[in-house]
Structures are given as structure tokens and as C-alpha cells.
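Feature annotations, courtesy of TrEMBL:
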TRANSMEM  12-33  transmembrane segment
TRANSMEM  196-214  transmembrane segment
DOMAIN    344-390  domain 'PAS'
DOMAIN    417-474  domain 'PAC'
DOMAIN    506-639  domain 'GGDEF'
Amino acid sequence: MFSRLSLRQKLLIIPALGFIVTAVVIVIMLFLLNKQQSLAQHITTHDIGSINRYTSLLSDFSRNHVALYELLTQHKDNLSSEALSELGHARLTISRQIVNNLDGQYDHDHHRQYSKIELYEQVNQLKLQAESYIDVMSTALEFVSNNRQLEANQLLSEANRRFMESHKLFILLLEAMGKSSQEEINIQIKLFEQNILATTLLVLVALLMLLAFSSRQSGEFARHLHEMIEAMKALANGNINIKRPRAWYNTLELEQLSDAINCFQTSLKQLDQSQQKIAQQNQQLNEEISQKVNAEAELTNALDALQLSNDALEGRVQERTARLAKMNEDLLLEIDQRSKAEKQLQLFKMAVFNTSEAVIITDSNARILEVNPAYCRITGFNRQEVLGQNPNITRSDRHPASFYQEMWQSLSKNGQWSGEIWDRRKNGEVFPKWLTINAVQSGLAREFDENYTFYVGVFMDISSMKQAEQQLEKLAYYDPLTNLPNRVLFHDRLEQELRTAASEHSRFGLLYLDLDRFKYVNDTLGHSVGDQLLVEVGRRIKSCIREPDTVARISGDEFTIIIRSVHEIHDLETVAGKIIEQIEQAVIIGEREVYVGASIGISLYPEHGSSSETLKKHADIAMYQAKEAGRGRYKLFDYKMTDLNVDRMALTTQLKLAVTRQEFVLHYQPIIEIESHAIVAVEALVRWQPENHALIYPNDFIEHAEETGLIHQIGTWVLEAACQQGAQWNQTLKYPLAIAVNLSAVQFENDQLAVQIADVLQRTGLRPELLHVEITETTVMKHPERTETILRDIAALGVAISIDDFGAGYSSLSYLMRFTANKLKIDRAFTQQLTERRNDQIIPTAIINLARSLNLQTVAEGVETVFQLNMLHDKGCQYAQGYLFSKPLPVDELEPLLVKHVLLEDVRGLHL
């Protein structure tokens, strides 16, 4: 069969055999891995499940013993003899059921995985000990019921001893079961290692055989080709009596070359015969010359003509010899090029077939030519089902025809299209994917037209990312504590109500509510009580308004209410009075009665403003007037109140002076790597230190600085001071320390922000990779196009970018994928709510998984307990900061920690 193959097919045999060997190895490895996975599943389902079931019986048995013991020792005087006897026998019945379950439980586990007689004996011994305990406890119950307290106490002591013996037997049984499971695991691991070794030896033997076969075939081919070349050289030198070279295993191409050499040899023999005949004729003519002197001139001319013919024939022979040599060189070059092309094609095919993204290739008529295994895994179709089909077999019908028209227009115009699209799996399930299609011009001129076009589509299933986006969208609009609309949703509804009222010429009211005495409750009774109080306040406010109205929690103890379709101002005052009355009623939290009040400011559209900012500002001014008037009341905005806004103007003046006098200082909070507890960065936090005045924190002046535009000067000073300090630390410390600086949304209104950062880095000497800038989700989404451009320029400097307070605001994942961010910072609200309850872990887990899918790192803010730290580590979070490590500190107090470098050495390893 080998002799019938063409030269190309023979040269492809060795790569084909290599591919088969590779495929066999992959199948063997997949089989071994599948076998190990089955073992792990078996251990998880049966071994660990059995241990858990026996542990549950032990727990139930212990709780029942404690309850029975307390009944006979602590509650006997509070119950009648009949009630005591009835409750005691009920408890004994539960104990007997638990003991009976030991047999059933053992039989169930024994038939599944245990065959050692020791376990059976331990179960029997445990059962006998437990039954003896029940007998003694039953007798003690009878004595207590009959008021024979002395004998009952002795029996209770004996019953307690036998319970402890039963408890020890339980523990020994669990340890024996665990040891049995471990032995089985060790045996299976050893078998797996032996299988891997055998597979490796098999692969080595196969590779050696392929190497030997390849060496032998290449040697044969080279030898036969050398014989043909030598034959050509001999013919060219005039040796026509050579032996015809043999073709390599009857190869068609080499047989044709051998035939050509033979034809050339035959032609040369015929030429030689012709020359011999001419020589004989010349001899005859020479003999006749002496007799025919008169014909000498004619004979001379004939000889000259014959010589010219001979020279021409010799030239044609040399020309044909050269052409054959050139054909031989071209043949060798083509063989080498085809071999390289086959290897490159095999490499590309392996890459496509092993990528996790689905790949689909179609012709210009939208017929599927090839798909990779990832396509089959994602869609549920197998390869044979889709070959030759139109890609629309997975269409979900969620997109209009215009969507696909725009897609093909983009492909025709640009040769490329990418975007999100919904498709349908074979089982009917609809799923989202991110698809990229490229038009590829064919270079296979033999098989296709010169301008033939292929379409290569690459897509990934983004179902998990969409689910995370939906969760974040829900969080973006609602306060996680009260489930009321948050600031973002409130602003949207206020803008919507403004548009509706303007078009319908109607009125609506805005109420701004601030709780009185809430800070006192929060400081004295704790944040937990404060949170419960806020939930109840939100519920009471909601009960006082109509269904179409909106109540929102916009910050700690501040609420806003939109009252739609207001006819009379009195209607707003009635609602405000009712809300205050409801809030002032006692709130029962645990065993405490908690009292708070409320101050409400009211503004009315359109009398008090026609924009959202004006209405909010006027309602806010009215609310402060209500507080100034004694709290626990409401105030309707009056334009005379604007005169009382002098304090805010005074704050503006003081801030301007603070900028001029440089009254700001920086405190730094460490950011640690969770795995090593080592400090890797510090976050710079600004503080205002007026002369002869206590320290003022950002919450009290940053928002006002943003409103007045002073944030540009403050932000510039913070950036310069932080980079200068960071450069000094990185000259003295033995490890690189990054500096994180917060950027305000207002600063992103400056198109030259990246240039400003570059100038600061150059002046201070801080390496760009050691500067991390932090921006909030609100900043990202306020002007996404401008923000994307500025962030791209900042990233081009080498500066890292973090999205701060992630999950507390709203951002589209499609935008997030476009932004050049490096880290996501989990908002402190989600970190501090981490508990053992699964529901409290959903949001941080979703954010961490989302960051991992986008190749982003995560930093958790507000870490205050070791439990939170361990939970974040288990979920895959890389970095953390919070009071567990250090509060924000001035430079002199922070530097000893920086020298120490590793924090919390006493808790290292707790999460492992």
C-alpha cells in the first residue's frame, strides 16, 4: 500500500502518525483525569457524607442528653410527676431512635464503601454502650418521678459517665472512618501515578519508533534522489551507458523524473549513432576524394554544413540539461516549503482546537466550514450537526432584522464586527455572548478564487458576567439596608418627575428629611441598633405616602420624598406632619424602646425652582431651618431663607484661605497583600488642619470644595504631596511601595489631567508604576466617553487605575470592559456585612468573580475582623485595607509600620 502513495502523501505520513500518537495520549490522559474526578466525587458524596451523617447523629445524641439531664436536675421541681415522666420518656424515645439509626446508617454506608470488620464491631460496641446509657437514664427518670432523689442522683451520675463513654466511641468511629477513606485515597493516587508513568513510557516508545521510521524514510528518499542527480551529471558529461536509476518505492513523481532521464539517455544514444554514421560517410568520401578531385569543393561545403548542424544539436542538449537541473532544484524547494507549511498549519489547528473561546469558520455563502470543540461545548451542537449549515441555527430571535443588517454592513465596509449578541443553545436555552467576526481573503488559489472571502467568528459565553451585571444594577438603584431607592434612583425619578410636571403643567413636592438624635442612638447603642432603626424609619415613611410617590435614602440618616400631583401646599404639610408623628413614636428594638425625631424641609415645583438642583437646595435649606427652629418639625421653603446660607459662603472663604495657607495634611492607610500580610501600598487621605482648630475630615468639606471648584487646587496639592512622600519612602525602604491617590469626578472635567499627573511624576521622581489613582463608579459613568479618553492617557503613563467603592454605585459592564482599569475596590458596606450566611457573601463573591473574569485585581475596603479577612482570602480577593491592620496615620506614626512591612503576624495562617 505504501508504494501506491504519492510523494506528498508519503512525506505527510510521519506528521500524521505524530498527530495520532498525540491524540491517543490525550485520550488516555482524559480517561485518567476522568477516573480521578470520579474518585473525588465518590469520596465527596459517600465518604465525607457518611462522616457528616454520623456527626449529625452524635450532635443529636448530645443535645438530647443535655436536655434530658437538665429536665431531671433543673426543671423537676417546676413540673408534676406525670408531666416530668411524660417529657422524660419522650426524650428517651428520641435517644432510642438515634441508637436504632446507628444500625440503618451503618448498613447504608457499609454496603456503599466500608468492608472492614473493625467498623462493624465499633458500631455494635457504640450501640451497646448507648443502650446501657438509655437503660440507666430510664431508671433515673423513674426514681425522680417517685421523689427518690438520692438514688436518682447516683443513677444520673452513672448515666452521665456512660454518655461520655458513648461520646468517645462516636469519636473513635469517626476517626476510623476518616482513616479508611484516607487509605482508599492513597491507593487510588498510587494507581494514578503508575498509570501516568506507563503512559509516559508508551509515548516515549512511540516517539522513538516515529524517529526511527522518519530517519529511514528520509535516508531512502535522499539516496534515490542522489542516484538520479548523479545520472544527470554522467549524461551531461557524455557517459550514455549508465544504469537507469530506480524510483523510491514506485513514487509517481520520481518515476516521471526517471523516465525523463531515460528519454534523455535514449536521445543521446541516437545522436551517437548518427555521429558514427556520419563518420563512416566521411571516411567513404575521403576515399572518393582521390578519385573525384573535381567534387572537392562540394564535399567541403557539405562538411561545413554538417558541422554547423552538429554544433546546434549540442547546444540544444546542453540547454535541456540545464532545464532539467533547474526543475530538480525547484522540486526540492517546493518539498521544503510544503513541509514547513504543513507544520505551521498543524500548529494553528492545535491552537484553535484548544482555545477556550468558540471559533466558527464560514464561506462567503454563510455555510459553516469548521468549528472547534469550544463551539460545540457552548452551543450543545456536535460538529457533524453544524457543518454545511447556516450560522443562524443558533439565532435567538431576540434581535430585529436591522441588527443583522448593520452587522453585515460593518463586515462589508470594515471587514470586522464585534459586539454582544444573544443566541440559543441546542436545548433551547438563550444565552449572551461577545462575538467578533473578521472577513479573511483566501490565499488558496488552487482551491478557491483569488478574491474568495472566509468569515472567522470568535465568541465567548458571557452569561456569568451578565448575571453579575444584573446583580450590580440592582444594587446600583436600591439602598442595601432599607431596600429603598438610593441617591441614583432618586435623581432619576426626580428628573423624570420634572419632565412630567413640565409637560402636564402640574405641581409636585420635594421633602428633605433628616433624623434628629440619630447620631446619639448610633454612638450609644451601636451601629446594629442604628441600622434596625433606619429600616423601621424607612418603613414608617413609606406607610405615610401614596403608591406613586417615592421615598429614598440618600445618605446615613437622610431621606427624600417626592410627592406627585400636589394641588394645595396644605397637602404637603399634612404628609410631613404625619411622617414626623409616625417617626416620633417609640421603636422597639430587642428589649429597648428607642426614640428619634425628624426635621423636614419642603420645596414645591414650580414655585421654588424648576431644576432638580434648585429644588434639592431649597428643600435642604428649609430642613436646616426646621432644625434651627427646634427640630421635630417641618418648614416650607421661603426665599428669605437664602439669607441664612451665609455659613456656606463662609465655608467657601475659609476653604480658599486654607488652600492659600496650605492647611491640609495627608494621612496614609496601609493596603496589604492578603496572602502574605505585607504592606504593598498606602492610600493618601486628605485632612484639613485649620490654625487653632480640630482636625476636619473630608466628609465635612470635600463635597463643598467640588461644588465651588476648589477641588482642583486641593487635588493638585494632594497629588504633589503624596508623590513627593512616596518618592522619599521608595528611596529608604527595602521594597517598592505604591501610593494610592483619590481623584474627584470634578477633576475629570480637566482634559489636561493626564498631562498634570505626568508633570508631577517628573518633578517628584516617583516611578509611574508606583502611583495608583482611584476613581469612583459615579466618576466613570458621569461622562463615560471623556473619562475613557483621560483614563487611557493616564494608563499610557504607566500609572495603575482602581475603581473605588465598586458595587455602591452603577456602571455598565460594557463600559467597564472598555476602561483601562487594573483593580476593583469592594465598597466597605459589603465587606462589613460579611457573615457566615450565604446571602451576605453573594455580592462580594460576585464582584471578585467579575474582576477575575476581566483580569482585574480586587481590594476590599473596611476590613475590621479576622473572619472578614479569611472569608475574602477564600473567595480569591488579593488585597485588603481597614482598621484590622491600621487606621489612617500621619507620616511619623506610619513609618514604623512600613519598616516592619508585614502586619498581623499573630493571625497569619488562620485562613489556611
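Note: Cβ is positioned from N, Cα and C throughout, glycine not excepted.
Caution: TrEMBL annotation is automatic and unverified by curators.
Remember, predicted model here, so these are calculated numbers, not experimental data.
Under DSSP, the residues of the domain 'GGDEF' (506-639) split into helix, strand and coil as follows: 59 helix, 39 strand, 36 coil. Taking H, G and I as helix, E and B as strand and the rest as coil, DSSP gives the domain 'PAS' (344-390) the counts 22 helix, 9 strand, 16 coil.
The helix, strand and coil residue counts that DSSP assigns across the domain 'PAC' (417-474) are 12 helix, 29 strand, 17 coil. Looking only at the domain 'GGDEF' (506-639), the predicted model's pLDDT averages out at 92.
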